[in-house]
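K.L.:
Got a structure for you, written out below as structure tokens; questions coming shortly.
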Amino acid sequence: MTDSNTTSGGTNPSDPARAWVFGDNIDTDQITPSRFIVSSDPDELAQHAFEDLRPEFSDSVEPGDFVVAGENFGSGSSREHSPLSLVGAGVSGVVAQSFARIFFRNAINLGLPVLICPGADAIDDGDEIHMDLDTGIVVNHTKDEQYDAEALPEFLQSLVEQGGLKAYTKAKLGR
Amino acid sequence: MTGKTLAEKLLSEKSGTDARAGDYVEAEIDVAMAHDITGPLAFQTFHEVAGEDADLFAPDRTIFTIDHHAPADGVQAANNHNAVRDFAAKHGANQFDVGDGICHAVLVEEGFVSPGDLVIGADSHSTTYGGLGAFGTGVGSTDLGTALASGELWFRVPQTMRFEVDGDLQDGVYAKDLILRFIGDVGFDGCTYKAAEYAGSTIESLPIHERLVLSNMAIEMGGKTGLVAPDDRTAAYLERQTGNEIDLDDAFRSDDDADYESVHTYDAAELAPQVSKPSNPENAVDVTDVEGTEIDQLFVGTCTNGRYEDIKIVADILEGETLAPNVRMVVVPASKSVYRHMLNTGVFQTLTDAGAVIQNAGCGPCAGYHQGVLGDGDVCLATANRNFPGREGSMESNVYLASPATVGASALYGEITDPRNIQTNRYDDTIFAEVLP
């Protein structure tokens, strides 16, 4: 699993970067307001990420930054536009106390690292953190703390190792 | 070994394994659906995975709808529509266009879904199909795009939360009130990674359109699917829709000794009409707690409560009346057949006379796309499924969720009103003979 710490966006979750902290029940409409989802382009979607909730996000987010949230992040719609907007913004991973099911699945399918981390509420906005996907640990450099996250189930790990759902399906189809 | 839940049996059958909660399985897809928002991304995935000219796993069981921005409200939406039309035509899939209706209504009405099917839709409310005893679940575009090529998808077999309801609902109380209560009790994420199963004498007595309401909103408690075991009523409904005889001998139901994650029991007679306060469906309270809340807009429609039976309830309340002077009402039928039925039965006239605006079938203002967007400070009472911050427009607007009866009653007074104070005919009355079961 040597490449597991490199995402499709070219950012690396093992590099420390700032945390953008959000609360509980951040739904897909708040991640990507529905008026913008006529586009499927990650870069265009990224320009509107969290636009109503934190209008400064899209201008100030730096490639490699992290999104940190409370319970039930990504609830609501099945639209992949929401995780895609974070990929477009160069977000290198999402740490949340819990995720809505479809968002979690979509993020893995897109190669956006996601960790379920009950201790994520100790992270403050602007803290410098990094994710270690191999050990399932989130490190907070600002506070000199670290938090255990749930390791990915074996099946999902193997899916990731095979290059994600698209690569897996291609291999299955012999293409 | 204990018995199996309905969800475990459905995924066992489709994966050819002895599937138990927690297992990961690869299962064969029976039906796949995407719409004008989620389709284009899925097409990209399909092309990437299988190639531009590859065959769909089953064109006759693949359905694309144009319902979310219908008619197109901008150039990008129109281009998305064309992408759907082009892909469907090229690959020989079923395609429903502007005005045909919401994906979930269309799939059910057109007989694409049968008991025991595994149905994936690139829309979170694909849980709706559980009302017919199918394992319906929402997925993203990458999942859908790969499944269009392979006909398979991986699933984690869910644990099941069982909601058992017995007794008679009060007049003026509907399936919408039940599901809002369930969501209120277990929370917005209380059923995450799990299946909801609805059972008991009350559920068995519900007509199909009401069961679909329960299944539709399973996702509002995080549910992967929302199941009602298929029965004679399911078979009768499908036989009427499709003309085909349905054999229930092969249909599944949970074993008596199935292992549930939890069982939640309810006495139907005790349930009051429910209203979910802004800005989360889990904020469900008895209507009496919010009576008198002033409203600006009423919205009747969506994949939850935009069926003929729902709109008929509203029309019966508004018959010969007019909307309160301070409100506007937007009615959006869930499908073209609902629209036609409204015309043929006089419901269209009744609502128009009362002052309502009736739009073409589709998703309408449900997610704030167009045709009824809320402004700053607006309060909306909707038959919809979601009331997230800014869901129907401005972040400074507020959406309350309720049943069609509560919306109809509230339209008379311009404030949230208990429908039990108004004459409401239940769906088992003769007025619905034409549309039952």
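Cβ coordinates come from backbone N, Cα and C, glycine included.
The structure displayed is predicted, hence computed values, not measured ones.
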K.L.:
Hey, TrEMBL has [4Fe-4S] cluster bound by B:Cys363, B:Cys366. Any idea which of B:Cys303, B:Cys380 it lists too?
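P.N.:
According to TrEMBL, the candidate sharing the [4Fe-4S] cluster site with B:Cys363, B:Cys366 is B:Cys303.
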K.L.:
Within the same chain, and leaving aside B:Cys303, B:Cys363, B:Cys366, name every residue whose CB is within 8 angstroms of the centroid of the CB atoms belonging to the recorded [4Fe-4S] cluster site, in sequence order.
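P.N.:
Result: B:Asp67, B:His68, B:Ile102, B:His125, B:Gly301, B:Thr302, B:Thr304, B:Gly306, B:Val332, B:Ala334, B:Gly362, B:Gly364, B:Ala367, B:Ala384, B:Asn385.
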K.L.:
Through the lens of DSSP with three states only, how would you label B:Cys363 ([4Fe-4S] cluster binding site)?
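P.N.:
Note: B:Cys363 ([4Fe-4S] cluster binding site) is coil by DSSP, not helix or strand.
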